[in-house]
Amino acid sequence: MKWRAISLTGTVSFAALYFFYPEICDKISLVLIILLGFAHGINDIFIINKALAKNNKLNIPYRIMYPAVIAVLFLLFVYAPFVTLCFFIGASAYHFGEQQFSGIAYHGNTVVKTGFLFFYGLFILSLLFYFHKGGFLQSVENLTDARLHEGLPLVMLFLSFLGLFAFAVFYALKSDINLKSEIFLLVIFMVVFKQLSLISAFTIYFILWHSIPSIITQVTFLYGSLSLKSFKSYFHKGMIYYVACLLVLILYQVFNVMDFQVSFVYFLASITIPHALTMLYMLNNSKSKTLKSINQ
């Protein structure tokens, strides 16, 4: 079965479960983000090791640079939270679009591709922000102490739609994208995002449409095939990094360094940005046909 069909089935099933058990779904969502959301970035260093296997001069510096970037980003969130949050949203937007269309063959201008992927991801995020603008604006205030105008989510949604539409016209001419299928998916996302809570709506996209497909892509890149053994190796190899991430988050709570929501978002953002750069490098340098077909 195509992965998108599986993701769509999971989306409808989770939305149906939410209709009957909303509070349970919200709790499940948080668990899924911690288990699979964090996990989809635990093997970045091993991915770069393989990608740079023929260039040892870059390999060692990257091992040092990766954790350093995470630390710097976390500090930036503490001392310049609003600017860093904007950068995080922008990086996440492109990263979401990149994974969503990693299985689509494109033979056109790089600027068009970059613009399309960025505005697609930004439109997805803007849908979440618009349908849950109260929670979004309150979260931004909690994270950055900045009080934004309540009309901002609508402006973001409008501008991201214009950008997506403009780039989609040119992207479609040079790719094998199925526009009818993509429009159908966006309608599904709109309905689901509107009906579910912010955390559950975000989890549906972040886990079912991003993290799990990303893990499959990474396993294929690292081991050449998908099997129970390769998945075990993937999680076993990255376990030390995963445990380290959880320990840092737990310690922040034990010593009451900062609010859970704040530390959770700061930490997620700090590991997301270097992970997005790693995936960009991996997808742009991989020649595997298997990788290209995963999200089709």
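Backbone N, Cα and C define each Cβ position, glycine as well.
Per TrEMBL, these features apply:
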TRANSMEM  5-22  transmembrane segment
TRANSMEM  28-52  transmembrane segment
TRANSMEM  64-91  transmembrane segment
TRANSMEM  111-131  transmembrane segment
TRANSMEM  152-171  transmembrane segment
TRANSMEM  183-208  transmembrane segment
TRANSMEM  239-258  transmembrane segment
TRANSMEM  264-283  transmembrane segment
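Here the transmembrane segment (152-171) touches the transmembrane segment (111-131). Their Cβ atoms form 3 or more pairs under 8 Å, with each pair 6 or more residues apart. If you look at the transmembrane segment (28-52), the same-chain residues 6 or more away from its ends with a CB under 8 A from one of its CBs are 58-59, 62-63, 66, 199-200, 202-203, 206-207, 210-212, 214-215, 218, 221-222, 234-235, 237-239, 241-242, 245-246, 268, 271-272, 274-275, 278, 281-282, 285. Between the transmembrane segment (5-22) and the transmembrane segment (111-131), the number of CB pairs under 8 angstroms, six or more residues apart, is fewer than three, so the stretches are not in contact. Most Cβ pairs within less than 8 Å of the transmembrane segment (264-283), among stretches 64-91, 111-131, 183-208, belong to 64-91.
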